[in-house]
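J.: Below are the C-alpha cells for one structure; questions will follow.
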Amino acid sequence: MSRVITFVTGNKNKLEEVASILGSSVNFVNKKLDLPEYQGEPEQIVRQKCEEAARIVQGPVLIEDTCLCFNALGGMPGPYIKWFLEKIGPEGLYTMLHGFEDKSAYAMCTFGYSEGPGKDISVFCGKCPGEIVSPRGSTKFGWDPCFQPDDFNETFAEMQPSVKNSISHRARALDKLKSFFTS
C-alpha cells in the first residue's frame with residue numbers, strides 16, 4: 001500500500017505494538033492529537049474519534065480504542081479502563097473483583113479507519129478472553145500485569161512480546177485491518 005495513514009496515538013507502547021504487528025504491511029506515520037474523551041459504546045467512541053481525527057488531519061487516519069471488560073461487572077470498566085487504571089492501578093483492578101467468584105474478562109481492541117473527512121469509517125474489532133489475576137510482570141504497559149489470557153499461564157506483562165502480539169486483542173483487530181487493506 002503506497003498511501004500514508006496517520007495513526008493517532010500518544011501512547012508509545014501502543015505505537016510500538018502496532019508497528020510490530022503490522023510490520024511493513026501498512027505505511028503509517030504517528031501523530032498525537034488531543035481528541036475529546038468520548039463516552040458510550042466502544043464502536044460509537046471509535047467512530048467519533050475517527051471522524052474528529054480525519055477532520056483535523058485532513059487525510060487517511062487510523063485510531064484505536066481499548067477496553068478491558070469484567071464479566072462479573074457486566075462489561076465494566078470497558079472503554080473507561082484508562083481512568084480506572086490511572087486511579088487504582090493493576091492491583092486495584094484485581095481487587096475490584098474480590099467479592100465475585102467470576103474473574104473472567106476480555107480485552108477488546110477496536111480500530112477505526114477513514115480515508116478522510118466525510119468519508120466512511122471502517123471498524124475492526126478484536127477480542128481476547130482471559131481472567132483478572134493478581135498482578136505479575138512488568139508494569140510498563142497499563143493493565144497487562146493483571147490480565148491472563150485463556151489457555152496461558154502468564155499475564156500479558158510476563159509474555160514475550162512476540163507471543164503477546166500473536167494472540168492479543170490488538171493483534172486480532174489488526175489482522176482484520178490487514179485483510180481489509182489487502183482485499
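A Cβ is built for glycine as well, from the same backbone N, Cα and C atoms used for every other residue.
Just so you know, TrEMBL annotations never went through curation; they're auto-generated.
Not my notes, these are from TrEMBL:
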BINDING   9-14, Lys49, 65-66, 141-144, Lys164, 169-170  ITP binding site
BINDING   Glu37, Asp65  Mg(2+) binding site
J.: Between Asn11 (ITP binding site) and Asp65 (Mg(2+) binding site), find the distance joining the two CA atoms and give it rounded to the nearest Å.
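T.: The Cα atom of Asn11 (ITP binding site) is 11 Å away from the Cα atom of Asp65 (Mg(2+) binding site).
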J.: Take the Cβ of Asn13 (ITP binding site) and count every other Cβ within 10 Å, whichever protein chain it belongs to.
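T.: Taking every protein chain into account, the count is 12.
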J.: About how far apart, in whole Å, are the alpha carbons (Cα) of Asp65 (Mg(2+) binding site) and Thr9 (ITP binding site)?
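T.: Between the Cα atoms of Asp65 (Mg(2+) binding site) and Thr9 (ITP binding site), the distance comes to 10 Å.
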J.: Would you count the other CB atoms within 10 A of the CB of Asn11 (ITP binding site), including those on all shown protein chains?
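T.: Within a 10 Å radius of the Cβ of Asn11 (ITP binding site) lie 16 other Cβ atoms.
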J.: Mind telling me which of the binding-site residues Glu37, Asp65 has the densest Cβ neighbourhood, counting other Cβ atoms within 10 Å?
T.: Asp65
J.: Inside 10 Å of the Cβ of Thr66 (ITP binding site), count up the other Cβ atoms and send me the figure.
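T.: Excluding its own Cβ, Thr66 (ITP binding site) sees 23 Cβ atoms within 10 Å.
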J.: If one measures from the C-alpha of Asp144 (ITP binding site) to the C-alpha of Glu37 (Mg(2+) binding site), what distance in angstrom results, rounded to a whole number?
T.: 22
